[in-house]
């Protein structure tokens, strides 16, 4: 009888708990988190190469980064709540409709950040924690609070934070910042610019309604073309510096080349959104394939390793690449010998 009397209260409490959970999850922008975790995973396995990976260490890097990104997304929701109310795409967000209080949201962000940084600090390396902090400061501070409403150049600033996840994964393994880490930043920044400008073209009316700075179609297309060229060049340099496996050139030249081809097609105001949506869609496919290619460094040899194992040009390769690439090539050659031995 007591159970029957309290069951409506229990049902109401359960419903409220589920609602709170959904709101809390929505504030963290889970789609952004999942996409960035693919980059953490790619950077991590790129650094690990063929060496054994500690599952606990990998999980600390993934979960720690996820919580730091979630912290930044909640802060972004807090700061942008007035903008969100003016855009069709975001007007339903929890803070925009006042479904959660601002102090509660900030406390939530703080808890996420503390746990995330704690996991990175204790479970990975200090440098990985520092890189995550740089990403959070740039995204939640410089981009969200200072640049986003003032200039379209805020997109470039924001791209730096978007380039941090693969570097966090990479530095979680190496504990050092080297040429590969630098090129990861450049490549992911250059990828994010066409991706972001395509979103701006797709949602031009929403951005204007919110009072955000936007580019004309002609300006957006010019910047997209420039950054795509920069992406292809920087991606090629990354492949050379890091001696990435044989799948990498296929991704960069195949999908990257097709992505660039789409931007060169004729575009007018009447078909601008269709054009931008294609660029956006291919950008998602490209970054997922790129991260997968980085991750495959654990099992696939680099083109230089195949060249080296063939016995052709060994002396030339040693002279050009130097000591660092020689050690990488030797490691991959040993891997091939073990595999085929």
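Here the Cβ of each residue, glycine as well, is placed from N, Cα and C on the backbone.
Here TrEMBL gives transmembrane segment for one range in the set 6-26, 27-47: that range is 27-47.
Remark: the transmembrane segment (27-47) contacts the transmembrane segment (279-300), by the rule of 3 or more CB pairs under 8 A.
Counting only same-chain residues 6+ beyond the ends of the transmembrane segment (224-242), those with a CB under 8 A from a CB of the stretch are 46, 179-180, 183-184, 186-187, 190-191, 193-194, 197-198, 248-249, 252, 256-257, 259-260, 263-264, 279, 290, 297. The list of residues near the transmembrane segment (95-119) in space but at least 6 beyond its ends in sequence, with Cβ under 8 angstroms from a Cβ of it, reads 23-24, 27-28, 60, 63-72, 74-75, 77-78, 81, 84-85, 129, 132-133, 136.
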